[in-house]
Structures are given as C-alpha cells and as structure tokens.
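Participant: Supplied in structure tokens, the structure appears directly below.
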C-alpha cells in the first residue's frame, strides 16, 4: 500500500497539500474539506467495531451459563486471534503509515498527557505480572488443558507490550494517510481491549462467587454466575492441589483489577486517536499549554495531609473488613465489619461532597475564561465521567428501594441507606467540580495587570544583574521606542517587575488543595471494591429483596463501571490540579 493520500482524502486538491508544506498551521480553506474525513471511512470502522464487540460479548456471556455449549477455549481463541490482528496492524502503522511523507501533519497537544500514559504503563506492568502468574497456573496442569489456555496469556503479554509502546509514542498523532485502514485498525484495537475487559470482569466475578460459595452462597447462584474456564465439568480433572499452583491462582486473580483498568485506559486513548484521524488543527485557536506539575509547591499541604489520612484509614478498614468477613463465619463479626465499612465511607463521602460544593462555589469567583475550543480528549473525559457514574447510581437506587421497602430496619440498614444517598450526592457534586475545572483556561499570573507588564514578563530568562548594568545610575527613564510608540519605562519599574515573586491567589490555592484531597480519596474508594470489599454481597437486605439471581447480576454488571469511574476521576482530578 502506498503512502499517498487515499480514501476520503482524495477530494483534497494538491494545491492544499503544497500550502500545508509552507504553512503547517493553516487548516484547509473550505469547511467541506474539513469535514470530508468524518464520513464513509468512519462509519465503516464503527460498523466493524459493533459487529466484533457483539460477537465477543456473545461468546463471553454465553460462557456464564453451564447449559450452553460454549467453552473457555472458544473465548480464548477469539481473543487471541483479535490480539494477533491488532499486533500486526500496530507493526504496520509504526513501520509503514507513520513513516510516510506528510503522514502526521499535526499533533493533538491535549491527547495522551504524560500522567495518563504513565498510568497506562503502571497498569501494563501489573498486567504483565498477571500474565506470568496465569502462565504458571495453567502450566501446573497443562496435560489436561487445551493448548490455547497457555497460548492466550503469552499472546496477551505481547499485546500489552506492543500496544503500550504504540500508545506512548503515537497517542497525539493526527494521521493523514491510509485513513480507512487506520480507522479500522484503531477500532479493532478498541474492540479488542473492550473484549479483554469483558472477559476479565466476568472471570473476576466468577472468582468472587466461587469464594462466597464456600460459605453462604447456594449452588444455584454459582451455576448462574459460572464462567467458561471455571466450569465444574473440568474441575476434578484439572485440580490445583500444589502450593505453587495456589499461589499462581490467587496471584493473578488479585491482579485482575489492574488489567481491567489497563484495558479501559487503552480504550480511551485509542478512541481519541480514532477521533483525530484526518483531523486538521488550527494552532492559532488550539492553545498549547506547557504546564509544570509541582506537587509540593504553592500549597498549604492541607489537602495532601487529609487525603493521606483518608487513604491510610481506608487501607486499615479494608484489611479488617477482609479478615472479619471472609475469614470468620460469625454473624457478629460480619455486622461489625459492615458497620465499620459504612461509617468510614459515610465520613469519606460526606467530606468529599462538602469539598466539591466548596470548589464549585470558588469557581463562581474565578476570573479565568472558559475554554470553548474543540477538544476530543476533554469531550471523552466528560462522557466517561457521566457514563461510568451511571453504574454506581444504579446500585445506589436499587439499594434505596430495597432498604425502604424492607422490614424490619436495623442500624446497618440505616447506615446502608445513608451510604447510598451520599454515594449519589458525591458522584454528582464531583462531576460538576471536575467538568468545570476541565473547561477552565490555564491560570494567568495576578501581577500582570497591563500590557506594559505583560511585555516585561515576556523576558522569561533574564539576568537581573545584566539588566541593572544597562540602567543609568541617575534613574533617568529609558527612551521610548519611536517605532512602536510605547510608553517610557522607569528602571526601577523594570527591575521590580522582573524580580517580583509570582503570587498565587487564594482561589487557586484552595482549588489545588481540593483537587489533591479528592484525588487521594478516590484512590482509596477505587482500592476498596477492586480488592474485595463489596458489601453489596455481604448485606442481606438487597439479596433477600431482589433474590439470589437478580441482585448478583445487577452488581456484577454495574460495579465495574463504578470502579472505573474512580480511577478515571483520579486522572481527571490530576489534570484539574495541574490546570489550577
């Protein structure tokens, strides 16, 4: 395949290409040329993604029912083929497409920020460790398993490495060659990540159900939740008895949350790349902000200290909850663990709600302008925040209905009701705070009051002593520039302006404190459900009200979105912190 402009780019005249070579920041002259890349090729790639997603969803969900003849190796085979296709396309993109002349005429400065790519690498490392554990687990009894079970984690490890490298170096690209192939390749990558995510969520849910089955879950629930790969027909034939096998098995299940987050992070970054295929960026209106991340400067440390207290306290509550609920069969221990869990979350959610309200009020006094420029990354952030919050909203409303309609009501029911109401309020107020922060322009220094001082502060790297040598001792003014007609500048004003400290106003300081507190609080609220603290399965109110089949299904469907919301909120709050 050649490197020329193809597909829906054929309508662009060669004269426009020449103009791009001389004026790289100038977009196409006609609106029709700007929009032509959004039509046929984009629709075809969407249809491809929809069909692949439905196929993967059908296989993964069918494996949850024991009576359906869909086995785990059917799912693994499909995912392996999809990952191999993505690997081949990424290599083609890196070797062929990205190296074509005029392939990448511009880059989206908002796409793939360094903290998002850093988080992707962190989750990728844990995903690789999970694949190593999974290979060791399946190798422990390879003689009674299909070969695809060992091939799948090997291919997944290669897929994680190749995709992480691809997103690290190409997340900002706006590709202008091989448009249809690139769109379809990106949609294939997006669909593959979502399919791996669905498989991981289902596998983790079955593992949780298997753990509960040993204590208080009926065999009927377990069969309903049972996923391919954990089927009872092969349990006795492939029995994991050795200690090293148990270590591998428990290890890779504990690492599933990181793999789940990796798939979702990668999906978000790939979607932004897909939106940027064929996009022209007008750099005169597309502001590029080089903001420095200073964690321990210009802050009162109040948000960091309070956030660390919440984080450490939450880790302690999580450990005690796991010990008392999962290791003890006494109902009194279970009630104590639930009470402790609900009290901690009520305090945490209440503080976070108040802080978000305070931050929204501070934004009312913020003099910064709203950033109304087109930004696919910010649009996706807002959509993911609003969409992922629906999962926790659903669980909370189901809990409220069950608690209000059930009798009798005890102290745990009251705590559960308060927890559900605060969960709804906190998600709502936090979304308002984050969305408003993402739409603000970067801050301007308070001491820049007029055009004269703005010109002075344009001298970023100025030696003050060198300036003072050029200032007459008599204190006479510098001669005005006859060409520009600017006012005369006093030497004392020049030195005072250059040496004046950059003060941060109280609004920015409070916004940074609020952002850091919310960031650390969201981390612990992600850790707790991701690593086993799920009172929805331990509180009998909802289970008795909705039944043994409906309530576990509701939680298994909605809870992964709530967990993803917390991690995405962390990334968004970090951006709000830097922009404040």
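Don't overthink the numbers, they just go from 1 along the chain as shown.
Glycine residues also receive a Cβ, built from the backbone N, Cα and C atoms like all the rest.
Here TrEMBL flags 43-63, 75-95, 115-138, 150-169, 253-274, 295-321, 341-363, 383-405, 510-531, 551-578 as transmembrane segment.
Structural setting of the listed features?
Facilitator: Outside the transmembrane segment (75-95) by six or more residues, the chain places 52, 55-56, 59-60, 63, 146, 148-149, 151-152, 155-156, 158-159, 162-163, 166, 169-170, 181-182, 185, 188-189, 191-192, 195-196, 199, 228-229 with a CB less than 8 A from a CB of the stretch.
Same-chain neighbours of the transmembrane segment (150-169): 76, 79-80, 83-84, 86-87, 90-91, 93-94, 112, 117, 120-121, 124, 127-128, 131-132, 134-135, 138-139, 142, 189, 192, 196, 262, 266, 269-270, counting only residues six or more beyond its ends whose CB sits under 8 Å from a CB of the stretch.
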Participant: Are there residues at least six beyond either end of the transmembrane segment (551-578) with Cβ under 8 Å to its Cβ atoms? List them, or say none.
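Facilitator: Distal contacts: 113, 115-116, 119, 201, 205, 209, 221, 224-225, 257, 260-261, 264-265, 268, 291, 293, 381, 384-385, 387-392, 394-395, 398, 427, 430, 433-434, 437-438, 511-512, 515-516, 518-519, 522-523, 525-526, 529-530, 534, 536-537, 542-543, 545.
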Participant: Determine which residues of the chain contact the transmembrane segment (253-274) at the Cβ level, with the cut-off under 8 Å and only residues 6 or more beyond its ends counted.
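Facilitator: Non-local partners: 45, 108, 111-112, 116-117, 119-120, 123-124, 126-127, 129-130, 133, 160, 163-164, 167, 170-171, 173, 183, 186-187, 189-190, 193-194, 196-197, 200-201, 203-204, 207, 376-377, 380, 384, 530-531, 560, 563-564, 567-568.
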